[in-house]
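So the structure is just underneath, and the comments pick up after that.
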């Protein structure tokens, strides 16, 4: 998946996935959207009843009353609001929970020589994500307070208290909030195997975002009726995420059925984040001919996790992997780091590679703190460092020194050629963003490998949301000649990277690059199909911005501003199939 980007979205917080950052579950306003009573009971269970009753009235601000109703002292609330400002309720809540966790007065905590700075660093201009808090001399975060914090967040998300508690017990205290939320969804699905999914797939909000009038029911040949079917089974995410099988292993027994309307050519391949909001993959599957998604974690193909789902009508037998086989562990990928790796850092693989990196201030603080204790820091320091290393995928580059991955290192992990995103006016920030939103080439190539024998003379590809050309690189590395590629990508930076790769690899086929999928209509597609003789493969992954757990602000699913472009993938695929069917 290579995510749609726009230079006009400077205020949008980019993030490609959700395995690391818990903040994806936050809400920005109070009171919470879920039931009002359970959060109060949770806080009372954590802190005990408030010593001061909060009486409604003009003399006491409603926000102070709200937090006092949770059981926090008025003085503590005032301190937290002074530190974070009245507008950031989430920061206030986290500050209060931290005060409670360490059982220390705010004034003493703030003045502690190694106290935790509860304000976010703003020097990380690469992205809107900020560093976590500093170290502290008291116990950093005890298991109980961490459980309570996650329990509170889950309840504020609207989950019942008992289900949230059960999820924490099932997944363990170190599970992210998103993983816990997905666990609750899975448990709910197990109890209710059938789910009412009869809402219209074309909502009014999605129509407004796209600004395009969809074709009528008659024009879709009655297919929309199938999309509106009720009592569809829920899509369950498997564990482990190995799809229909891995290279050099026996293929799983799969009861895979491709409806007649979906049998290729043209073949299609759609990708997006696996851990999407509830109901997203059910809807995607229904739109894409009721084909069940293939869930795969790229940690089985490289040294970094990338939990993705793929809906496609490709054959699943006789797949083969790219050669040479990429390294599967951090030490294999970066052997020079082995001598600096502390024994208390058990990581073997990276978490999902994000579109942003840790700031220099964070890595400096880690080094300064570790130097105080030498090679055996206390448990609380080890835990903090490990949390930050996992969150930001930091590597050890010297004694007590960690650093973020460089863009060329991420290129290698994702299967791109060295310097694929380098030069040509591409900034360091743009490289991180482009790579964080890209395919993992080895994973995708394994799925596409079945096309090599099917198209010995080359392939004609319609590549939607092309990004930096992950699909094209995969096909090229498989030895499949690219006769014609129509690449549709809105980012100028990504289009330039793709065109540069095309030239650098001496492609003899034709590259046609377009800017916007929404401008690709039936007339233009019919003209292309008549010119090229049709498309052999329609591939792409629409933006994951509103699906990813690292998006704190607008995880709105397929109705979000960016991720609603999935409907354009379906629209274009349906047009291609109709036009090519008519020309037979």
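Note that Cβ sites are derived from N, Cα and C of the backbone, with glycine treated the same way.
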| field | TrEMBL annotation of region 'Disordered' - which of the ranges 1-58, 59-116 it falls on | value | 1-58
| message | Labelled region 'Disordered' by TrEMBL, one stretch among 164-194, 195-225, 226-256. Can you tell me which? | response | 195-225
| What is the pLDDT of the domain 'SAM-dependent MTase DRM-type' (254-583) when averaged and given as a whole number? | 90
